[in-house]
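Written below as structure tokens is the structure these notes are about.
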Amino acid sequence: MSPISILLIGFAMSTDAFAAAIGKGAAMRKPVFRDALRAGIIFGVIEAITPIIGWLLGRAALQYVEAFDHWIAFGLLGALGIHMIYNGLRPDSAEEDEDPSQHHGFWKLALTGFATSIDAMAVGIGLAFMDVHIGVMAVVIGLCTLTMVTVGIMLGRVLGSMVGKRAEIIGGVILVIIGATILYEHLHGVA
């Protein structure tokens, strides 16, 4: 997998967390960089671990599905991408009126981080069928997420109403394109 594809997957995996961070930043009275960085680290670590878990699950099943692994990667990335696009296009439900101080709790951040990283676990399953170093991919996904969450919280006040959903749509489109590229390359023998 090319370095550009690895970076694009890292970016795509961080868009859910970025959208959540914008929402958290928008709910805070005045986000402080230290709190934003702390949230970024929590999200980044979780987002880096989940594709490794998915990769391990995928490797365990590899011998049984090698003949159609490209279809699995395409299906997982495509389905996740379409789901992200759908979530980005659907109208928001009623906004919760939460106490902004609750956005800083470790367990609340960790739970949100895990919820936004489920797609990274599924991508990890797909990566098990490809020639990619999972350690490098996990670090890239974690660093992209750390950066996107930190920036998202700090910009949340300003960007909350403008960017939140678009980030998820862009991430979804990227996943669909990468999935289609994997399928195309396999079917046409492109290395």
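Just so it is clear, glycine is given a Cβ too, placed from its N, Cα and C backbone atoms.
For 3-23 (among others), the entry in Swiss-Prot reads transmembrane segment. Here the transmembrane segment (3-23) has long-range neighbours at 36, 39-40, 43, 47, 51, 81, 84, 88, 112-113, 115-117, 119-120, 123, 132, 136-137, 140-141, 143-145, 147-153, 155-156, 159-160, 163-165, 167-168, 170-172, 174-175, 178, 181, meaning same-chain residues at least 6 beyond its ends whose C-beta is under 8 angstroms from one of its own.
Per Swiss-Prot, transmembrane segment is recorded for 37-57 (among others), and the stated evidence type is sequence analysis.
For 65-85 (among others), the entry in Swiss-Prot reads transmembrane segment. Sequence-distant neighbours of the transmembrane segment (65-85) (same chain, 6+ residues past either end, Cβ-Cβ under 8 Å): 12, 15-16, 119, 122-123, 125-127, 129-130, 168-169, 171-180, 182-183, 186-187.
When Cβ-Cβ distances below 8 Å are used as the criterion, the transmembrane segment (107-129) is approached by residues 9, 13, 16-17, 20, 24, 38-39, 42-43, 45-47, 49-59, 61-62, 65-66, 69-70, 72-73, 76-77, 80, 83-84, 137, 141, 145, 175, 179 of the same chain, each at least six residues removed from its ends. Among the features that Swiss-Prot reports, transmembrane segment is placed at 107-129 (among others).
Swiss-Prot lists 144-164 (among others) with the feature transmembrane segment.
With a threshold of 8 Å between CB atoms, the same-chain residues lying at least 6 positions outside the transmembrane segment (169-189) that come near it are 5, 8-9, 11-16, 70-71, 73-78, 80-89, 123, 126, 130. Residues or ranges marked as transmembrane segment by Swiss-Prot: 169-189 (among others).
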